[in-house]
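Feature annotations, courtesy of TrEMBL:
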DOMAIN    916-992  domain 'Cyclic nucleotide-binding'
TRANSMEM  36-55  transmembrane segment
TRANSMEM  62-81  transmembrane segment
TRANSMEM  93-114  transmembrane segment
TRANSMEM  126-149  transmembrane segment
TRANSMEM  155-177  transmembrane segment
TRANSMEM  227-249  transmembrane segment
TRANSMEM  269-292  transmembrane segment
TRANSMEM  344-364  transmembrane segment
TRANSMEM  376-398  transmembrane segment
TRANSMEM  418-441  transmembrane segment
TRANSMEM  626-648  transmembrane segment
TRANSMEM  668-688  transmembrane segment
Amino acid sequence: MAFLHTESHSEISDMTSDNDTSLMPWILLSDQSQPGIILTVFGACLFGAVVRTLLQTLKLPYTVLLALCGMLLGTLSFQYPEVSYYTKEIAHISPKLLIHTFMPVLIFSSAFEIESHIFWKSLIQVLLLAIPGFLLSSSMIALLVVKVYAYNWDWYVGMMFGAIVSTIDPFISTALLRSLGTAKPLILLIEGESLFSDGASIITFDAFKDLATDLSHFEATTFTIKLILKVFGSPLLGFIMSKIIMFWLSYIFNDGLIEITISLAMTYITFYFAEWLGMSGVIAVLIMGLLLDTVNFSPEIEVFLLRFWEMLTYLANTLIFFIVGIVVARAFQHVGVNDFFNIVVLYFAMYIIRLVTVIALSPFLVRTGYGFSWRWAAVCVWGGTKGAFCLSLTLMAFQSDDLDEEQVREKILVLSSGMVVLTLLINASSMTWFLRLLGLYDVSVPRRMAMYSAVQRVRESSQNTFSLLKIDRFLADANWEMAEQRVLIEDPYKTPNEKVSIEEFSPTARMTKCPDCDRDIPYAPSPQELEDMMEEARMRILKAQKTSYWKQYSAGMLNREAARTLINTAENMTDHKGKFMSVQDVKKYWELKGFFVSLRRSLEDWLYNVKLDKLKPSRNAMLKRCYQVVFSLPFEYFIYALIVLNIFPIILEFIPAISDKHNLELSIINYIFFSGYLVEAILKALAMRKAYIFNHWNQFDLFIIVLACVDIFLDHYLETTAYVVNIHMIKIVKVSKMIRLTRALRLVKIIIPKLIEIINRQIHKQLSFGYDIGKGYVIGEEHISKIIDHISDDKSISKKLKIILERNCQQAVREIGLLQRDHPEIAISVKTRQAIRAVLNSERDAIHTLVSGGLLDDIEASKLEKMIEIKMKKLIKFPPTIPAATAEELLQNLPWLNKDSTQIQFIKTVAKLLFFDFGDTIIQENDDPQGIHLIVSGLVKMTGGSPNLGGKRPKEKTRLTDYRSCGAIMGELNCLTQQSMEMTVTCETATQTCFIAIESLFEAFDVFPEFPSLEYMIWRSLAVKISTSTFMEHIIYQGWSYHRICSHLARAYLVDVEVNRKFDVYDGTMEDVVVIYGSCDDLASQCSYNAPALISRTTHQVLGTANTTKLLIVPSEHSEMKQTVSELPRQDSVPCLRHAAHRRASRDDRSGLLRTVSVMSKEGSPKRSCSSLDKAT
């Protein structure tokens, strides 16, 4: 510790000269002049580690034990000089040094962890307790020590002491409340009061300390300026510093060392800079920490960042409370009986005063923020412990030489230290008992139910793992009974002496007796219980939404601002009981309105109000010639050059020496330029005729010419007047010269197009930001809808939640589909950026896999990762607009064509472009499949039942509504299975599709039968899509992102299981098996799997129960994927001659690239004519 001074060699020698020779080891150590403070500091850290290790068996809080250890060490230092050598510097530590070293870390870490939306809503409550409450407590404590204690203190010293002991350090109480999961507003209320009261206390302390020491130099003006700086300047400085950090971090990508260094350095710089300017460093750092969050930093360093600040907070608290113990021991060195009595009286009086203060403010507290209950009031009173900040102010007063040492400084040190000791020993140690007494340890029924469900799923997962391990050749003879006992997870909410079984809180297990027949029947929750469970489920959905948005941000699928906006919106929803996050809450971010839109509209109206393409030249030869001259580029450039040249003589007019000497020449030049403007106006009037006067720019030109005429008149009048030039004439001359400057305003016409371009760029960024938000919201809703059964076990609640989420998702899909219709270039840009980031993530994961497998050296991997991070960083400035893809480009990128040029060319030959109007029906439910539609542009609405996946026992069909836009494919599954259509597809906008007829599709199957055939690739593409949704619904894969699941399925292959045929699964070469079509039974457990379903890993052999059952198999990492026909059961074999001939007979004769078709209406008349794809593209 460079900030602490060590003893000199001579001092150490003097200290030990009178000691016995038995202390020679200590003398030898002292003679070496080693900095003993270093050993003390790191010894304290080591002791803190030991305490944390043994904390589970100890009843006292961690910080209390550290303080007791410090007191013990401080007491020993009085008796043994060799111990004093290691504690003397700490006992005499500078209070400012203590504050400036530890307070920035503690304040920033606390503020950084606070949820901002809770803070801003509770701000009034926090300020009420931290300012009026603090001042009231300080005043009553001052009244006590001035009027009751025989210290002969004046009011200034009393208020200074009141400011010292009115501060609170609720570190222990908030830590306990967090561990219990108590209401976050209560935790924030206590923390916020502590942080703001620290700022208020140091302001009050400084003010009354100055009054107590030197009243003659007090100036009201200076005091007012200091108060304004601390109250208003500190938050402003914190806001500015947070914006500087955000701007700086926006240009740094994935560099954890730099980003964490910035957070640490700017915390201390902000604190020191605020103190140097006379502001409050506490408030400045507090505001800076509140405005920053983890989204400001790169997602890859989130864990590193949080662990770093957690470690700093732990070390700061360890050292602070250790130092507090040493300082308190020094303060109690000369304490008398009266002092002990005064400490006890002050302790009880202080908490009575705090109770009175909270009661007095309670009428205001219950009407603001999140309300205020008597339990909260009790926690606020009892949790107001004293700590390092109180002791720092005490030392500042003790080291002030202007105060009386015996009657003031020593008494303040004794009393304040006594408060610290008693609050730590009594309040902090009894906080757990106190919270249990208030009932805050009780866990609500919905929380118990959620915990019970989680424990059951963990146990289910462990049983699946056991089943797999028991067939492992190395672990087969393990003691499985002991293993099952050792891994058994108990419910943490179930106490040892709990008489009620936790299973009674499960909706599936709770039973009651029928009043008529005494039979066990399922227990029906009461309306209040249903309401509580619904609210708990809503809170968990909002939490899952925030988690989904953060995952998307971590994967690069959301930009920083979009992620922050969505997370903040979800957090704000937690304050509105019963309200879910809807599309209306995020729609405002992509609606075109505001200043930029209005400005662009005005500028475009001003610039393009007369359409020149509709202005035809006159038949008159002369007027026609004027038209050709006026609307030519050389003429326009000539006029702009004339305006620029005119600026120089106008500038010379304002230089008196040149203006007086060359007045005649400047006047002649002015006439020449005026003549040029006049000729331009005449030519334009002849060319445009009546339309000339309706153009804004022509009106502006006429206004300039009129001003030029006035200028020439004034100039001529001043030259010919015979009167003596007076002050009025001089003013007229200046006005005349100023009028000439208006000619330069015509250059604005050049700037406006550029200005419109800049405004369009800003609007595109806003739309891109809005589309990013909309897409992130839709992905979050779809993710949560997959896990809704895991959020709530009550079927009625799950059903309500599914309806709400489906409705919100449908509305959001429709809105962003309309946005894509109006601004396709915006949507293409966002999708392209996200696709690039997804591929880069996959490349980075592949590098990590190679490194973990020992196939790539760390140095080589770092070079590759650096290249990938450079490409990721470039995505920050990705263009906001990209031209929309054509139909041909969309076809080339179909996943099942796999960029095979031969197949692409064939499909292009048979594909046709169809055009539909708003309201047209593309596909009708229950009709036979006609082919595949690929949406090229527009938005369609799909309504109908869920798809039939060929199971033996089809799942209950539910009516669905969905929207599809550009790039979506419709009709694949029905063409493959030749089942009737389950959905009706109607156009929400004018729509263009690329249509591949079913006959042409079957012909393609015949033309491309080689493995992997086109039919196989289409089935595989559908299988991956179906399996992705199935994986996201499974609890085991809840932590996986969408792109990770896609990567997991990249190596998967399809197999067919015929009816009544057996098939071995999970034989050591398979990691996952999914039924994507048909159904099968587990031969061991007789469990049935209807598509879509993920087969349990405890299954080893299945029996096909449907006519066609298709399984998607994900091979294990070390197994080779089957690539040949002999290895893989083929489901797409070449049809026999009879069926091949039947397919060919049903084809229409193709006419090549010029074939046209018509889309028939229901009445049979053609609506639109369209051509084949090659001709259209």
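One is the number of the first residue shown, and numbering goes on along the chain from there.
Cβ atoms here come from the backbone N, Cα and C positions, even for glycine.
Remote same-chain partners of the transmembrane segment (668-688), defined as residues 6 or more beyond its termini with a Cβ less than 8 Å from a stretch Cβ, comprise 615, 617-618, 622-623, 626-627, 629-631, 639, 642, 645-646, 649, 695, 698, 701-702, 704-705, 708-709, 711-712, 715, 740, 743. Using the rule of three or more Cβ pairs under 8 Å, pairs at least 6 apart in sequence, the transmembrane segment (227-249) is in contact with the transmembrane segment (269-292).
Contacts between the transmembrane segment (376-398) and the transmembrane segment (344-364): present, as 3 or more C-beta pairs lie under 8 angstroms, all at sequence separation of six or more.
Sequence-distant neighbours of the transmembrane segment (126-149) (same chain, 6+ residues past either end, Cβ-Cβ under 8 Å): 119, 155, 157-159, 161-163, 165-166, 188-189, 192-193, 195-197, 199-201, 204, 342, 346, 349-350, 353-354, 356-358, 360-361, 364-365, 368, 380, 415.
Taking the domain 'Cyclic nucleotide-binding' (916-992) as a whole, pLDDT averages 86 in the prediction. Beyond the ends of the transmembrane segment (93-114), by six or more residues, the same chain brings 3-4, 188, 191-192, 195, 198, 263, 267-268, 270-272, 275, 281-282, 285-290, 292-293, 309-310, 312-313, 316-317, 319-320, 323, 327, 388-389, 391-396, 399 to within a C-beta distance below 8 angstroms of the stretch. Mapped onto DSSP helix, strand and coil, the domain 'Cyclic nucleotide-binding' (916-992) counts 6 helix, 32 strand, 39 coil.
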